[in-house]
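Annotated in Swiss-Prot:
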BINDING   Thr160, Gly181, Asp203, Asn246  S-adenosyl-L-methionine binding site
Amino acid sequence: MKWREIAITTRQENADAMAEIFEAVGAMGMVIEDPQLIASYIESNVWDLHDVEIPDVPEGMIRVKTYLAIDNTLEERLAALQEELSARERSEKWPAHAWTMTDLHEDDWAHAWKAFFKPEKVGRRVVIRPTWEEYVPKEDDLVISIDPGMAFGTGTHPTTVMCIRALEDYVHAEAHVLDVGTGSGVLSIAAALLGAKRVLAVDNDPVAVATAQENVILNQVDEIVEVRRNDLLSGLSEQADILVANIIADVIIRLAPQAAALLAPEGIMIASGIIQNRLDDVVAAMTEKGFSIEELISHGEWAAIVARRAGVSAEG
């Protein structure tokens, strides 16, 4: 199959909205090229300068890429994408978007991003290692070997890093964990390696489900982690001690009532993928459903929330 890669330069704070737009037109996945994030990795010696190319975009901007199958619906979806972006430019005063488009074979798409993915210690103990890179573990390291394929999530994006660090703080030996929108499965694998008794990982994307399952088996946690195709929390009844969702603000807001119902009393919800200017909206939605905010975590333009479900009252 051939794919049309669409690369668009936009403001950093528009990343959340761009994900919604791409999903609405049926695009497959999103890649964010953030020069500030890449530069911070280089400065911290996570990557060598020669390993990556820093995107040439104006300050405060990022490049986002998505992929549309080249088929008989392509022109219709490109027109819908253009219409949605034009509407945002008019109503929300977004700057005009510069587009580039490139045609790719699936093999090109599946391998082009690998130059950007290097081993990285993302928490106090958790290390993410791509399967094609060597890494010598240090004492107490928990190494996740991962091949994210075409699914969302390598484990090194700030939104995922904040989730992993929160999991390090809250996972305990008897914990049942629910990972909503699992992508590559990295958060579920981290929870299992940190000692969770059971993890249920769900995603509505069949490519993500297949990739997550492969990564779970690769890391030998398939007796702990079950990967299932599911539309968010729809139809789930299994109670969890910890629910982790690294998605986007509007989806987290929609999840709040179901999350409150599925979490055990005093259960923990870790929500990430929230752009800073939507943080107050998510906090309000969660507190309205009875959550108390334990922690607010920030990393650049991104935020994460750790919240606790209310316990059972003495009368209940």
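Using N, Cα and C of the backbone, Cβ positions are placed for all residues, glycine too.
Projection of Swiss-Prot feature records onto the structure.
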{"residue": "Thr160", "record": "S-adenosyl-L-methionine binding site", "Cβ neighbours (10 Å)": "26"}
{"residue": "Gly181", "record": "S-adenosyl-L-methionine binding site", "Cβ neighbours (10 Å)": "24"}
{"residue": "Asp203", "record": "S-adenosyl-L-methionine binding site", "Cβ neighbours (10 Å)": "27"}
{"residue": "Asn246", "record": "S-adenosyl-L-methionine binding site", "Cβ neighbours (10 Å)": "27"}
Check your understanding: What does DSSP call Thr160 (S-adenosyl-L-methionine binding site) in the simple three-state scheme?
Key -> helix
**Study point:** Whole-number Å value of the largest CA-CA distance among Thr160, Gly181, Asp203, Asn246, listed as S-adenosyl-L-methionine-binding
**Key:** 16
Check your understanding: Using DSSP and three states only, what is Asp203 (S-adenosyl-L-methionine binding site)?
Key -> strand
Revision key, fill the gap. For Asn246 (S-adenosyl-L-methionine binding site), the three-state DSSP class is strand
